[in-house]
Amino acid sequence: MEGLGGDGAAVTSPVAQWKSNFSRAFQYYLDRSTPHTLYRWIGTLVVAMIYILRVYYVQGFYVVSYGLGIYVLNLLIGFFSPKVDPELEPLDGPSLPTKGADEFKPFVRRLPEFKFWYSITKAFIIAFIMTFFSVLDVPVFWPILLCYWIVLFVLTMKRQILHMIKYKYVPFDIGKQRYTGKK
């Protein structure tokens, strides 16, 4: 029974060690990118443009693009939605104000900005990698997919905007309000 780590020390394989080092380094750079919101989104736009150019150049992978669009729409809904939805959950703690007399309660997103950014970036990278596998290039009439996605987007955003109006919340941070006084 010798050689099985009898002294209690964990024996790690080189692959496990490399995975651990890579994961630690990746998390380090991800943590360092957190305060740089503008540069993160510029990087995501560059990745998205590379993906769009790849799809345009190959003239295919419309189903992959449609799936990516549905996923991004789902993320967008989570980004615009409050963490506690007043329609679905009974309110035990802080809630969104529904009347003018209610006190201000900050908007807490269901999907925070960093997770939203990270998920969209990952989605574009995965979709880009998927464009290198011809089995995923399903022949389809892409204008129908585009029209269907636009209708889905409009109906979903209409419902979300009506929800925002009904419960009087704005999911955007527009900075500190400045009062100019009476005019």
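Cβ coordinates come from backbone N, Cα and C, glycine included.
TrEMBL annotations:
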TRANSMEM  38-57  transmembrane segment
TRANSMEM  63-81  transmembrane segment
TRANSMEM  140-157  transmembrane segment
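Non-local neighbours of the transmembrane segment (63-81) in the same chain are 51, 55, 109-111, 113, 116, 119-120, 123-124, 127, 130-131, 136-138, 140, 145, 149, 152-153, 156, 160, 163-164, 171; each lies 6+ residues outside the stretch with a CB under 8 Å from one of its CB atoms.
Listed as Cβ neighbours of the transmembrane segment (140-157) (distance under 8 Å, sequence separation of 6 or more from its ends, same chain) are residues 62-63, 65-66, 69-70, 73, 77.
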